[in-house]
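In Swiss-Prot this protein carries:
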BINDING   Asp9, His11, Asp37, His129  Mn(2+) 1 binding site
BINDING   Asp37, Asn73, His105, His127  Mn(2+) 2 binding site
Amino acid sequence: MMKLMFASDIHGSLPATERVLELFAQSGAQWLVILGDVLNHGPRNALPEGYAPAKVAERLNEVAHKVIAVRGNCDSEVDQMLLHFPITAPWQQVLLEKQRLFLTHGHLFGPENLPALNQNDVLVYGHTHLPVAEQRGEIFHFNPGSVSIPKGGNPASYGMLDNDVLSVIALNDQSIIAQVAINP
């Protein structure tokens with residue numbers, strides 16, 4: 001079974017990036033899935049702790065060969081010039097044995113504007129900075145929250161897919177925030 005780690009809404013935070021890369025190295029995950037808003041903090045957000053987008057790009061480039069990424073609403077062509085993995089696709093798909101993960105940032109496709117999905121597929125998105133791991137109707141919804149600018153009183157968080165279970169995990173203490181089994 002494929003093991004994936006998900007990080008969203010880094011927004012140029014070097015401490016968050018360092019922690020994500022530390023956990024990725026320890027996790028045994030094959031891929032680090034970045035769900036957009038990689039380098040820029042955006043006009044609606046305050047600067048995250050340790051805002052250093054060029055350093056974040058350098059650190060992420062060290063694992064570029066293990067990154068799958070999608071473009072967020074704060075990502076631009078200029079950001080792509082610093083990164084050694086593609087970030088300009090509005091969505092990607094990861095095919096599992098019996099279902100697919102539809103990866104998107106959440107500003108184009110999301111819970112209120114679903115792409116065409118089949119029963120048991122998983123909508124994986126960021127953008128809201130709010131953790132979600134649940135089944136809604138025939139599909140699963142998964143948002144790992146934000147590693148740098150958490151909202152809704154939640155801690156900074158990331159996601160894991162391991163043994164057909166999607167988990168949102170607190171970045172600081174590894175506690176489980178939300179979890180859903182996706183085996184059809």
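Every residue gets a Cβ built from N, Cα and C, even glycine.
Overlay of Swiss-Prot feature records on the structure.
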residue	record	Cβ neighbours (10 Å)
Asp9	Mn(2+) 1 binding site	33
His11	Mn(2+) 1 binding site	27
Asp37	Mn(2+) 1 binding site	31
Asn73	Mn(2+) 2 binding site	16
His105	Mn(2+) 2 binding site	25
His127	Mn(2+) 2 binding site	22
His129	Mn(2+) 1 binding site	24
Discussion item. If you compare CA-to-CA distances from Asp9 (Mn(2+) 1 binding site) to each of the binding-site residues Asn73, His105, His127, which comes out shortest?
Written reply: His127
Worksheet item: Taking Cα atoms as reference points, which of the binding-site residues His11, Asp37, His129 is nearest to His105 (Mn(2+) 2 binding site)?
Response: Asp37
Worksheet item: Within 8 Å of the Cβ centre of Asp9, His11, Asp37, His129, which other residues of the chain have their Cβ, at the recorded Mn(2+) 1 site?
Response: Ser8, Ile10, Gly36, Gly42, Asn45, Gly72, Cys74, Gly126, His127, Ser146, Val147, Ser148, Ile149
Discussion item. Can you give me the residues near the recorded Mn(2+) 2 site, meaning same chain, not Asp37, Asn73, His105, His127 themselves, Cβ no more than 8 Å from the center of the site's Cβ atoms?
Written reply: Ser8, Asp9, Leu35, Gly36, Arg71, Gly72, Cys74, Asp75, Gly106, His107, Gly126
Practice prompt. Can you tell me which binding-site residues out of His11, Asp37, His129 are within 10 A of Asn73 (Mn(2+) 2 binding site) by Cα, answering none if there aren't any?
Written response: Asp37
Worksheet item: In terms of DSSP three-state secondary structure, what is the assignment for Asp37 (Mn(2+) 1 binding site)?
Response: coil
